[in-house]
Amino acid sequence: MAVIQKYGKNYSPDLVCHKENHPSDKIGVPGCHKKWPEHNTNWPRPVARVWTVVLLLGTCLLYCARVAMPICAVSMAEQFNWSKRESGMVLGSFFWGYCFTQVFGGYVSDRVGGEKVLLLSAAAWGSMTAFTPILAHFCSQPIMSMTLARFLMGLLQGVHYPSLASLCSQKVVESERGFLMSTVGSGSYLGTLVIGGAGSLMLDLYGWESVFYVSGLLSVLWAYCMWKYLLKGEGKRVCFNCVSRPIITLESLGSGGPQSKLSKRHWLRLLKQPAVCAVIVTHLCTSSTFFTLLSWLPTFFKDTFPDAKGWVFNVIPWLVAIPSSLFSGCLSDHLISQGFDTASVRKLMQFFSMGVSSVFTLLLCGNTTFPWAVAFVSATMGLTTFSHRQRCTPILYLYLPTHPGVYSGQMLQFTLNRADTWTEVVRRGCKRGLAGVLMVYFSGYLIEATGSWATVFALITTVNLLGLCTFLGFAEARRVDIDSSKVRHHNIHI
C-alpha cells in the first residue's frame, strides 16, 4: 500500500505529524508529537528480513495453537460426552478472552516495544497449550477447565496483532511495512495448513493430546530462540554485512513509542464517519463468519463424512487460501495502478469475498459428496481472503495511521468483540463481546436443535450479505482522520 500525502502549511490541530526519523531533540510543528528516541531507529534491511521470517513463524505457530482445539473438538467431545452446545461454549470461549487484551496489547507495545510483548505472550500461550491435556484429564469437570483454558488462550493471544502493528511502525521503514505485514499475516493460513495436516495425522496416530503437546512446545521453543538469538543482549553478535552489533537488547525496549493520549474527541470524530462504521461492520461480519467456519468445519466433515481423512479436509482449503490471498492483493494493486477508482476496486474485491463466497457456502446446505464438499469449502475460504487487504488496510493504515499499536488494538478489539459499545471503545473499555462468542456458540445450538448443518451455513450467508451491503453502500477510499478543508493537497492511494 502506498500512501502519498502532500500537506500544505496549515495543519489540523487534531493531527499528529507523520514525518520519519524526527530528531529526538527537536520539536515539530505545533500539534505534532516527538518521534521515537534515537535508539529506536529502523532496522537495516538484512535485519528486517530476519525479523520477517521470525515473525512469520511466530504467527504460524500462533494459529497452530489456536486451531488445535477445533481439530480435536470431535475427539474430545466423544471422550468427555460433550453436546454440540457444550462444544460451542468451549470453542467460543476463546473470543471472550481475545477481546479483552486487544487494547492493552497495543497500549503496552507502543511503550515498551512490540518485541517484548510478543516474546512474553508467546511463552505464556505456548505453555498454556502444552498444559491443556493435563487440565482436561486431571479436572473433575473437563468442560469447565477447557472453557477456562480457551479463555486464557484468548487473553494471551489477543496482544499478538496489535504488537505486530506497533513493532512494524517502530522498526520498519514505511516503504517496506506493507510487505512485512502481508508476509507475516500469511502465517495465519500457513499455521492453519500445518496444524490441519500434521495435527490430523497426530490425532489419528497418537491421540488428541499430542496435537496440544507438539504445538505448545514448539511455540515455547520459538519464544526461547527469539529471546536467545534476537533479544538477549549479553554480548551476542549477529553479522548481517552492515550490522555487527546485537539486533536489539531487552534494555533498549524500555522507552518504545508515542506517549500522547488518544483524545475522546478524535475517537468520536472517527466513529461519526459512515465510512469508518462501514469498515467496522464489514470487519465484524467477515471475522464472525470466518471464525465460525474455522471453529466448526472439522466437526462438520466428521459428522457428515465419518470415514473421510482429516488431513484432506483440514489441508486442502488452506492450500487454496494461501495463493488466493496473494493473488487478491496483487490483483487489487494492479487494478488501482491501471487507474481504476480505488473505492470501486475495494468494493469489487469485497463482493467476491462476501458475495460470491456465500454462493459456495449455500451449496453446502444440500446433499453433496465429500469431494464436492471439500471443493465448496475451498472456494469459500479462498474467496474470503479477497477481503483481507480491503479490511485491514483501512483499519491499520488509512483511517488510524498515527498510533498503530493502540489503534490496531482498539479496532480489532471492537470488531472481534462484535459488540455495539461505541463509548466503551472510546474509553478503551473491554466490555464483553456478546455477538463474537455467540456466533460460534449459537452455531452449536442450531446444530443441536435442528440436527442440520444447513441452518449454520444459512446464518453465515445472511451475516456475510449484511456486511457486504453495508460496505457497498457506505465504504470510501479516503482518509477521515484529517480535516480535508485544511489540507492543500490531498492525493492518497491505498
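Glycine too: its Cβ is placed from the backbone N, Cα and C atoms.
All TrEMBL annotations are machine predictions without curation.
Within the set 148-167, 428-447, the record from TrEMBL flags 148-167 under the feature transmembrane segment. Between the transmembrane segment (179-198) and the transmembrane segment (453-475) there are fewer than 3 Cβ pairs closer than 8 Å, counting only residues 6 or more apart in sequence, so the two stretches are not in contact. Between the transmembrane segment (148-167) and the stretches 89-108, 210-227, 316-336, 348-364, 453-475, the greatest number of Cβ pairs separated by less than 8 Å involves 89-108.
By the Cβ criterion (under 8 Å, sequence separation of 6 or more), the transmembrane segment (316-336) is in contact with the transmembrane segment (348-364), since 3+ such pairs are found. At the 8 Å Cβ threshold, with sequence separation of at least 6, the transmembrane segment (210-227) lacks contact with the transmembrane segment (348-364), having fewer than 3 such pairs. Among residues of the same chain six or more beyond the transmembrane segment (348-364), those with a C-beta under 8 A of the stretch's C-beta atoms are 282, 285-286, 328, 331-332, 335, 372-373, 376-377, 379-380, 383-387, 389-390, 453-454, 457-458, 460-461, 464-465, 467-468, 471-472, 475.
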